[in-house]
Amino acid sequence: MRSTAYLTALLSFLGATHAAPEGPRCRCTPDQSCWPSPGLWQTLNKTLSGNLVAVKPVGTVCHDPTYNGGLCDSVKGMQTDSSWRSAQPGAVQSINWETWPEKNESCYIDGPRQVPCGQGRIPLYSAVVQSPLDIQKTVRFASKYNLRLVIKNTGHDFLGRSTGPQSLQILTHNMKSINFTDNFVPEGKPDGRGIGQAVTIGAGVQLNELYEAAGKRGLTQVIGLSTTVGAAGGYIQGGGHSPLGPWKGMSTDHVLEYKVVTAGAKFVTANEYQNSDLFWALRGGGGGTFGVVTSVTLRTFKDPPTIVSQVNVTMDGKANESYWAAVEKFQAYLPTLSDGGCSGYYYMLPNVTLGPQSAAVIIAAFYYANKTDKAHVDNLYRPLFASLSSIPGINVASVSVPVSSSTEAFRSAFDQKPPRDGGGVNILGSRLFSRKLLEAPGGAANLTAALSKLDFKNLQPAIGHLVAGGQVAKNTHIQSALNPSWRKALVHLVISRDWSIDSTFAEQEKISTKLTAEEIPLLAAVEPDMGAYTNEADVNEPRFQQTFWGTNYNTLLRVKNRWDPRGLFFVRSGVGSEAWDKQGLCRA
């Protein structure tokens with residue numbers, strides 16, 4: 001049987017002990033004699049056809065002694081443009097990951113001009129790669145000189161995995177190929193027969209680019225709801241939730257093949273038929289850990305008609321018992337919505353203050369893939385709306401519109417040009433919650449009680465992602481490294497915290513520590529064994545191995561040690577990262 005052969009191949013190397021051999025205790029840094037000379041960097045630049053860049057933070061032009069008024073004005077105008085940020089070697093989307101607070105190094109674009117810039121976590125050099133061969137050359141160089149290596153696709157990582165201090169960056173952003181096929185044949189498939197429609201995308205392709213290309217062909221694929229997130233990077237390698245998830249499953253469920261440059265600088269194919277252990281790990285085990293993915297092949301589907309729906313639940317004044325009663329009823333009804341084909345996102349904002357007015361709201365953006373009957377949605381909502389409207393002070397409104405395709409539905413949701421969702425401070429905490437919990441007596445009440453104990457600043461939401469259940473739950477036969485809790489989950493719930501750019505390190509630590517030690521445990525206690533989604537979670541999660549991967553972690557670590565025995569690839573709270581310090585510079 002296919003599944004038996006696949007599992008046998010995956011486990012074939014597990015009979016022996018696979019402890020990673022010890023390399024040097026610390027990476028080489030610029031203050032050491034082992035650091036490559038200028039001549040060696042110049043040689044690498046030549047082998048990369050002039051595409052090696054000495055990187056400075058993008059805010060450098062706004063600070064003395066390198067201040068440039070014209071360039072600073074230009075950078076200030078683009079600092080929230082996530083498309084611009086994704087293309088810059090010296091920037092990521094969340095600016096807290098550009099800084100190195102422990103060293104008091106930052107370079108905020110809006111910081112005081114007279115404060116000199118520090119390099120922070122921004123890499124010192126970037127290989128702006130154009131091909132797998134460029135990546136192989138860069139990996140060999142990093143390995144030979146024992147350098148800290150960082151992979152950046154778009155810099156959307158919420159756990160700071162796209163930056164690293166005193167490092168060499170591989171920037172895959174320019175690898176933009178998109179190739180569709182009517183009948184994809186995985187490399188090495190014994191019978192040579194195709195397995196259906198698919199698209200192969202380069203490492204730098206972003207979600208909006210893939211939606212546009214597929215939409216022109218009347219196709220879609222299971223990917224996220226964003227403009228500039230990279231489709232082939234950490235998003236899909238960490239699992240990849242999607243508003244199409246309940247219809248078809250997780251994004252990683254539909255990966256047919258990866259092309260990868262390994263820690264040994266080999267260019268390999270990973271699929272069900274060859275290097276199947278690596279294929280398994282890359283389907284949920286996290287990005288930046290097992291190799292540099294150069295391309296991904298995904299299943300495509302006929303783009304379905306979709307109903308787009310918005311639901312607003314509001315009350316005047318800040319959150320009180322009525323508001324939290326509405327939140328409880330709303331969340332208790334989520335299994336029914338899911339059964340009706342609903343997916344999407346709901347934003348719980350207990351504190352919305354605009355001038356003298358204040359309110360507490362729930363705003364939901366829902367999608368009904370492969371549905372055309374608006375009456376179905378209206379009937380589905382009727383019991384929920386009646387229940388909510390019975391709560392004193394609660395008002396409910398909704399609008400639902402059928403559109404011809406999911407691509408039209410999703411692209412209209414992020415049609416802002418340029419996309420203005422980058423350049424902020426952002427740390428996350430999250431937990432997965434099961435359908436079983438929400439259906440159980442008191443389950444939604446317990447979750448709501450935990451939420452009500454959190455601190456919410458003005459306009460600060462808790463975001464519920466109704467992206468599981470349905471086919472995500474049914475795809476248990478798919479063998480991947482995805483956190484098994486996804487197959488039981490219905491909701492992925494996220495909270496975020498921030499601070500101002502003039503906050504001291506002590507103030508930042510206080511906010512971060514409170515998130516880790518107080519707020520997330522409140523949510524985790526509601527359903528302790530469910531864990532969290534590795535791509536959108538707290539970077540300081542104390543038991544990240546179990547929280548992000550559950551029973552899959554030990555196997556993932558063995559795969560990691562097989563393909564990267566000396567730990568060339570490192571990301572914060574990634575597989576094998578417990579062997580290193582937080583910055584990946586010295587072994588723990």
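The backbone N, Cα and C atoms fix where each Cβ goes, glycine too.
Taken from Swiss-Prot, the feature domain 'FAD-binding PCMH-type' applies to 118-303, supported by sequence analysis.
The N-linked glycosylation site annotation in Swiss-Prot covers N45 (among others). Using a 10 Å radius centred on the Cβ of N45 (N-linked glycosylation site) and all shown protein chains, the other Cβ atoms total 16.
What Swiss-Prot lists as N-linked glycosylation site is N104 (among others), and the listing cites sequence analysis. N104 (N-linked glycosylation site) counts 11 other C-beta atoms within 10 Å of its own C-beta, drawing on all protein chains shown.
Annotation source Swiss-Prot lists N-linked glycosylation site at N179 (among others), citing sequence analysis. The Cβ of N179 (N-linked glycosylation site) has V199, T200, I201 as same-chain neighbours under 8 Å, each 6 or more residues away in sequence.
For N312 (among others), the entry in Swiss-Prot reads N-linked glycosylation site, with the evidence type sequence analysis. Close to N312 (N-linked glycosylation site) in the fold, though at least 6 residues off in sequence, lie V361, I362, I363, A364, V396, A397, S398, each with a CB less than 8 Å from its CB.
What Swiss-Prot lists as N-linked glycosylation site is N320 (among others), and the listing cites sequence analysis. Look at N320 (N-linked glycosylation site): DSSP puts it in coil.
As annotated by Swiss-Prot, N-linked glycosylation site applies to N351 (among others), with the evidence given as sequence analysis. The number of other CB atoms found within 10 A of the CB of N351 (N-linked glycosylation site), across every protein chain shown, is 17.
Taking Cβ-Cβ distances under 8 Å and a sequence separation of 6 or more, the neighbours of N370 (N-linked glycosylation site) in its chain are W247, P304, P305, T306, G341. Feature annotation from Swiss-Prot assigns N-linked glycosylation site to N370 (among others); the stated evidence is sequence analysis.
In the three-state DSSP scheme, N446 (N-linked glycosylation site) is classed as helix. The Cβ of N446 (N-linked glycosylation site) lies under 8 Å from the Cβ of L437, V526, each of these being in the same chain and 6 or more residues away along the sequence. Under the heading N-linked glycosylation site, Swiss-Prot lists N446 (among others), citing sequence analysis as support.
Annotation for H156 (pros-8alpha-FAD histidine): spatial neighbours S82, S86, V92, Q93, S162, S226, T228, V229, G230, G234, Y235, criterion Cβ-Cβ under 8 Å with sequence separation of six or more. DSSP assigns H156 (pros-8alpha-FAD histidine) to coil in the three-state reduction, placing it in neither a helix nor a strand. Taken from Swiss-Prot, the feature pros-8alpha-FAD histidine covers H156.
Among the features that Swiss-Prot reports, signal peptide is placed at 1-19, with the record citing sequence analysis.
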Measure from the CA atom of N320 (N-linked glycosylation site) to the CA atom of N351 (N-linked glycosylation site) and give the result in Å, rounded to a whole number.
10
Quick check for the class: what is the C-alpha distance, in angstrom and rounded, between N320 (N-linked glycosylation site) and N104 (N-linked glycosylation site)?
41
Local backbone state of N370 (N-linked glycosylation site), from DSSP in three classes
coil
